[in-house]
């Protein structure tokens, strides 16, 4: 609330019928997505009013009996509750569903749950609460209520419910159990509001001989610490309170007589502003509400009048408002016209139109309603015999029993054929040598949809939501290559908070951010939660993948674990109703500031990233009361565009905007604000005016489009309004921006130091219509990130894992109905094509030579481990054995279809638990130098002990007895080995590397699964089976061990090289599959562990559980059943491998 706020309007609330001029308002609520104010009255009617003149928009009877208690909003419509029913209607008044139940005795309130707007919790003055599915309009579960509740609101972590005795129950939004009880008032709670981590309440207490009176305090409670804060004094009696939606610690308190007071809850004794509403002596306020934008205030009095407060010049209800839908105006019928059989129909014209005709049905509203009946076989018709009312004929037996002809039309013309699973394609490879067509080939035939999309309301196919399908083999079976045949990798979507994928892609193609992020990642950064390191890991993975799909698992996990990200509502689970465009703009601001902090904290504490991203300004802050001026330096990492008022955007010619992009950017960078703040001279809060002077501009200009109005949307949809290049001149604290002919003239004149910026990319918000959820994509010019200076204007669309090359015109064409920009990135043109790979020569490898642990109870391991030393540094071509173990952090989500089949909605999520790396050559071949357990802070749902060897407590920092490191440290060790050129030898490494979230080029991978696989066979062989058959050893008897598995993989690789050198590789592979078929590719159950037949001396190395050391053999080490122990054995040369000097034919000699 600012000083110029005043009462803008006071209108009567419409009566229940013609005999009543007004009706009593029982609840008020501002719409979260449209410029509407909603009310409910005492007879169950719900009404809405249009801002700012409060004209009636809709009115409908939502409840047959009882007054409307509360109103909530979803994308689908408006929820309202009365004592005996719950109602959902569209914003135009059409009923979606109405629910009554005999258990609905006295409902009072409702709140969204942890499932967001898909589910509500309904409660009241009764013993039962109800979970209601908003989509279906059904009761999911009836829960016992701990108390009677009159008010209920959801914060970032908890649901707060007020009971009838003045207490606030803090409920868990998932289990609905009481976490804490806070006695806020001694009698009852009159009003309550919850915002982020704060609860503010108003209530009453008993007074002697005066009954109940409103308390002179508004009480405050901190949901993060679950402790009360100092109350807000309010002598007039606090009746209502609302938290400001944009200023998390500012609240507005109101009395029943209309006194309004703005207070900062962190400084409750300092009153910012006091206003008095015009309320008659005999009346009082009955309802009070603050708009989501924070720029409007509404309340109702006991006479049935509504008051609207705000600043007359800029009052609006929502930040991102959708346009209202109005009924068509009635067109008078044409005059009399002669009509005859000979009158041509084209003489009756149709009016000019710009919108899509009603007859042009969108694709998501076209359904198959039935199949035409199959035609009868002529043989049946020829042999029909009639008996009474029935005809019959002999069965021609052309179809099987219960088999019918398919008569539905399957081919939909322009529909894209969904990709088959990789397992299905492998089976059909022999019969389909041409392979399956790619989506890019299909889209080339649909170019008219893409290039002429401006004339159509249908969203082009390549912009629509893409979805991962899961087979029984999980996400690894999905054909991502179907959606991308470029050399630039996409990012997968099945990870929480993957809405940030387009922004991460944009960062990857900005050369300055790319270079500095990789340089920082290669440095000895000691911070576990460093987001800049994770960005460097991700960029390096995307570059090495070169078109193969990737996932930002580790980055998004680290981002989701940031406490400040949760408090700023940057996580999807905490802000299910927040528009994605505002979330991605907030994430952009958060990440840029965090990148700069991370880069500055790491030695030598350079400010290079800050100088590359931050605009340096000085803010002159002047007090409007005493004219005292303060000067403060600021670093702005991005700029929110500020658009001029409506009458300034459009001149007399409405089709041509009078403001260019550069003019709006200049006004946004030099923005002048007026706000209330602390004046050090006046010693109180005053109106302060802020004027910014630009001192220096960065190499990268990050801009938030900040589109809030329809006029701004129309501005962006003007063809060629967004320039590809801009010129910036900074002088005397002023920021000048030029484009087009002005820029060319300035360059030719060469009188100013003009810095030329080129557009790198745009993150855009795509609204695919009612059938699909909105999502984000990025259009990026990849040419500046390529070292070839001759390459220009290579624009690509990144729609998660769908990547396609597009034209510059298509990339920068926007549409107000479905495509609008959210984030823009400009970079100095002189920095294009500057790709700095010097970080590869300056890798800090010190963590490979030292041992660190986070465990408090580390004990000596029975596994011989010797760290690498600077005398044996990793080098290109050095083989290392590797294996990793994982634990389950989240179970898979499965849906049962109507036909009874199971469909995987989201696969299980695994986390790295242990990784072991062994030397692959040299005198100490097979000796481990990395055996790390990874500390996991999030809950583990399944340790998978039989397959991982991990037991409860092994990953706990307080209880583990193993060498425990952070995920970042374990990952960085592998990342260093990768970039140092090591060759990774293991079994089934593709899935391991995918779960670890690292991409290793094929040239650096030796996978024994692939070595011993015959491509004409579908089956791939397990490590245990190969070890039993070729090495005559039983492994993985009780559980898996990563050291044992990595050692076995190294030995199998050497066996392979042995077969290859002997020239018997093909015969051996056929023999392996023949022997495998005899035992069904399983180790016979009679096989005993090798260690039970030998005695291992204490001076030998121990590998895993009861595993003999490398090179140790015994007479009984053949193991297995009799078939494997007889003279019929593998046709190989008898060569010796293992520790000690390498023998003839050993890969260790190469």
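Every residue, even glycine, has its Cβ placed from backbone N, Cα and C.
Copied over from TrEMBL, here are the features:
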- 489-829: domain 'USP' (DOMAIN)
- 883, 885, 992, 1045: divalent metal cation binding site (BINDING)
- 1098-1150: region 'Disordered' (REGION)
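Taking the features listed in TrEMBL, we show where each one sits on the structure.
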residue: 883; record: divalent metal cation binding site; Cβ neighbours (10 Å): 26
residue: 885; record: divalent metal cation binding site; Cβ neighbours (10 Å): 26
residue: 992; record: divalent metal cation binding site; Cβ neighbours (10 Å): 22
residue: 1045; record: divalent metal cation binding site; Cβ neighbours (10 Å): 26
Looking only at the domain 'USP' (489-829), what is the mean pLDDT?
87
In the same chain, which residues outside the set 883, 885, 992, 1045 have their CB within 8 A of the centroid of the CB atoms that define the divalent metal cation site?
882, 884, 914, 915, 916, 986, 987, 988, 1040, 1042, 1046
